[in-house]
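As annotated in TrEMBL:
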- 7-25: transmembrane segment (TRANSMEM)
- 31-48: transmembrane segment (TRANSMEM)
- 69-92: transmembrane segment (TRANSMEM)
- 98-126: transmembrane segment (TRANSMEM)
- 138-158: transmembrane segment (TRANSMEM)
Amino acid sequence: MLYINHLFFSVVLFVFSLLFFQFSIWKPENLIYLVVVLFFSVFPDFDSANAKFGRKIQFLKWFFKHRGILHSLFGMVFVLFVFYILILVLGVSGINNLLLFGCIGYLSHLIADCLTVRGCALFFPFSKFRLKGFIKTGSFLEYFLVSFFILLTIYFVFNK
């Protein structure tokens, strides 16, 4: 899935998560949670040749193959654990919500990539089996589905 569509898809999951966990949608702290979701929704692609922020940390690409460990549940747990330690060291409050929304952002990326024809090896490094979908990256169908979910989200927000 393309970068921009990862961002849009994560916003959709973010809003539905707010509704599901019964958060008030219009609270100011939700902006912080949204930033966390957006960051983690694109983080797994930092090792991609096309990643904007990945170009700044080239040395890390030596350790990570694109759609490898960072596109797995194991990678997600590791990255969120590092995020958890960082939050503890910085003494930031609201750790549970920050981790929840970090997880939602990361999962949104994995789910979206599993819908593509390339898929993801969710259980890498333990299994190389790839869960694959039917959407070709950058296709009309990708844009159509993301647009549909955005419109559905807007409907739910204003008809709650």
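Glycine is treated like the rest: Cβ placed from N, Cα and C.
Have a look at these and tell me how they're positioned relative to everything else.
Packing against the transmembrane segment (31-48) from elsewhere in the chain are residues 3, 6-7, 9-11, 13-14, 54, 57, 60-61, 64-66, 68, 70-71, 75-76, 79-80, 94, 97-98, 101-106, 108-110, 113: each is 6 or more residues past its ends and has a CB under 8 Å from a CB in it.
Using a Cβ-Cβ cut-off under 8 Å and counting only residues 6 or more beyond its ends in the same chain, the transmembrane segment (69-92) has close neighbours at 40, 43-47, 98-99, 102-103, 106-107, 109-110, 113, 120-126.
Beyond its flanks by at least six residues, the transmembrane segment (98-126) meets 1, 5-6, 9-10, 12-14, 17, 21, 32-34, 36-45, 67-69, 71-76, 79-80, 83-84, 87, 92, 132-137, 142 of its own chain at Cβ-Cβ distances under 8 Å.
Under 8 Å from some Cβ of the transmembrane segment (138-158) lie the Cβ atoms of residues 1-2, 5, 8-9, 11-12, 15-16, 19, 25, 116, all in the same chain and six or more residues away from its ends.
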